[in-house]
Amino acid sequence: MDGPRSDVGRWGGNPLQPPTTPSPEPEPEPEPDRRSRGGRARSFWARCCGCCSRRNRGDDDWGPEPSGSRSRGSGSRSRGSSSRDRRPDSRGSGINAAGDGTIREGMLVVTGVDLLSSRSDQNRREHHTDEYEYDELIVRRGQPFHVVLFLNRSYESSDRIALELFIGNNPEVGKGTHVIIPVGKGGSGGWKAQVMKASGQNLNLRVHTSPNAIIGKFQFTVRTRSEAGEFQLPFDPHNEIYILFNPWCPEDIVYVDHEDWRQEYVLNESGRIYYGTEAQIGERTWNFDHGVLDACLYILDRRGMPYGGRGDPVSVSRVISAMVNSLDDNGVLIGNWSGDYSRGTNPSAWVGSVEILLSYLRTGYSVPYGQCWVFAGVTTTVLRCLGLATRTVTNFNSAHDTDTSLTMDIYFDENMKPLEHLNHDSVWNFHVWNDCWMKRPDLPSGFDGWQVVDATPQETSSGIFCCGPCSVESIKNGLVYMKYDTPFIFAEVNSDKVYWQRQDDGSFKIVYVEEKAIGTLIVTKAIGSNMREDITHIYKHPEGSEAERKAVETAAAHGSKPNVYATRDSAEDVAMQVEAQDAVMGQDLTVSVVLTNRGSSRRTVKLHLYLSVTYYTGVTGSTFKESKKEVALAPGASERVTMPVAYKEYRPHLVDQGAMLLNVSGHVKESGQVLAKQHTFRLRTPDLSLTLLGAAVVGQECEVQIVFKNPLPVTLTNVVFRLEGSGLQRPKVLNVGDIGGNETVTLRQTFVPVRPGPRQLIASLDSPQLSQVHGVIQVDVAPASGGMNFSDAGGDNRSGETIPMASRGGA
């Protein structure tokens, strides 16, 4: 799983590219060299348009270059006129029409370009990209930006200028990978450039990009034509332009019509991810830093995604869902649910996406390890960074349907003890995925808006481990025939749990159908606060309503067991409720079952309780404690049955997340009613306490104190802290060694903020004995005097720093 793969992804014709190394600092361009006139070759302008190749015609109708000449009758591209050959050279001086670099008297020479790319400049601020820690220009498609050209003389009305953008190895106009924008003329597809001001030898331009433009990193150059000849500006790596999706542009299909949504789902670089169980919800802060744009684009390159398809958010989000996991294509993260993370990082230890994405960009190798919230956190980072409104969503009691029945089938023996070897379907305590906002022109009307994208590799889609985008509206109404992957996602949120009991003759009979057990709560971080928002209603009609039942039965009719509801038995007058106290890791606990007789006759219930540990994915260990009891219930009476569990009983069996599964089954002697319930609960872990020691100012060293108390009576070995914060601290790893049983430790760490405003500093602790320990503090960073921004937030300490015992306070 974690070794190199020969598979190059869905588009096999595109070679797997190794990570690229940054371009070296370019040498200063020489001053334009005005030399004697040389011979004329067929010019760019002659190739670009008919008017320039025929001198007797005016200049009013010149337009963009065709996608390339083709040999008559052959259909193949002529070698001499390929788009790749037209890409400007990145070395040497400007090029004239003859291609020999000769600059003649009177030519319009572009001596320099200012893309106004500084984070404090107008372009970056207007395009909401000033928080990206990049020096290059980053713009959003469908929105104009400004460029200043520096010329060797004043601009004249007879001069002709065209801007050119290139992306990919073989740019073509017809595929949108080679864009030509004649200044002062209407371009194609929404591209155009206008002269805003001509002042001396400076020319201020306003450039409009297409709302359907390909997203990615473009090379930029300029060509001019004057009476004296033609000039081409050599390509300069400093003049590269990133183009992103634009939720602020009404013509872009990712448009979001709420500013507070855009601030939260596009620009917010920190968020909350929820985990645990419905009754015991835990939350952790995640860092969605925008300083990883190159890594996000590298993911598309690594998949071999054609550049021509990168303007479609449906295709881009589907590729990202495939590439964030490592299966099939050597993607970003290796999934691991085994509990053994000795060859990588425990998924619970990550506090953000930066370390993961930068490692993937730097090495080209999949990063160990991830689980659903890590896959979702990285996906949120990537899609927000590319310009898609995206949020992280947690579904509690999330079903994993393995046989497309759209039901969760659980099998028991004659005594209602689970038959684990038959229970292939599972119910995850929680599962985390993503919603991203876009129109769906590939679907009938009515399915725009939130789309589910899930990068956790659970089942294949068209032979590939990816999931979505899937319209939330189609999930809500059980329209499982809508693409992509609606049946699987519907089952995750709205299938029924069907209990099958083995009969004396070996056959199985449905003894109970639990209709409200799956997708019991679906949440995300609220807009503009750290509160939790319940969004169950956008995924499901109210439980038990006619619309909800219709959606379930409509979906089930398209599943592999369409007649499952025909065999239901509905005699029920004894109700059962399961409770577990809110327990902390290392403490004793008690579980309880409350039985209520809602009938008018006496009832006797034979009750069985089986307790086991469980991974959050629903995979259970062996039963380590069980209890059997017969309970007599008078009409209208209730009875509580308790089962105490000591720390020493569950300690040897603990797995990740500290979760346990209580299987409860019962049989009513008088009526034959079968009771069945699965109840999952978790043991809480302590939080890290973070305290800021002093004011935080951009460019000035600041100190934070981290305090942790070991809740267990055993020693924590090989303890690792992680510290990270967007605009505050690049990922930092701290090795602190061992922490004794019930010991308190205090660490102090310094960092240098690089961006002003409210920031989140996030920390985590991990050890083989205890994980899922986190802490966060808000840091309000004051701007530096003079309003300067800094380009790096501390170092990326990948190898880890060992903290000496002397710096560990407390006891």
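Note: Cβ is positioned from N, Cα and C throughout, glycine not excepted.
Worth saying up front: this structure is predicted, and the values here are computed from it rather than measured.
In TrEMBL, the region 'Disordered' annotation falls on 788-811 of the listed ranges 116-139, 788-811. The Cβ of H431 (active site) lies under 8 Å from the Cβ of C372, T394, N395, S398, H400, T456, E492, each on the same chain and at least six residues away in sequence. Taking only the Cα positions, the spacing between N494 (Ca(2+) binding site) and D454 (active site) is 17 angstrom.
Of all the recorded positions listed here (D454, D496, E543, E548), the one with the fewest other CB atoms within 10 A of its own CB is E543. When Cβ atoms from all protein chains are considered, those within 10 Å of N494 (Ca(2+) binding site) total 23, not counting its own. Apart from N494, D496, E543, E548, the Ca(2+) site neighbourhood in this chain, defined by C-beta within 8 angstroms of the site C-beta centre, holds S495, E515, K516, I518, G519, K540, H541, G544, R549, A551, V552. Taking H, G and I as helix, E and B as strand and the rest as coil, DSSP gives the domain 'Transglutaminase-like' (364-457) the counts 15 helix, 40 strand, 39 coil.
The number of other Cβ atoms within 10 Å of the Cβ belonging to C372 (active site), over all protein chains shown, comes to 27.
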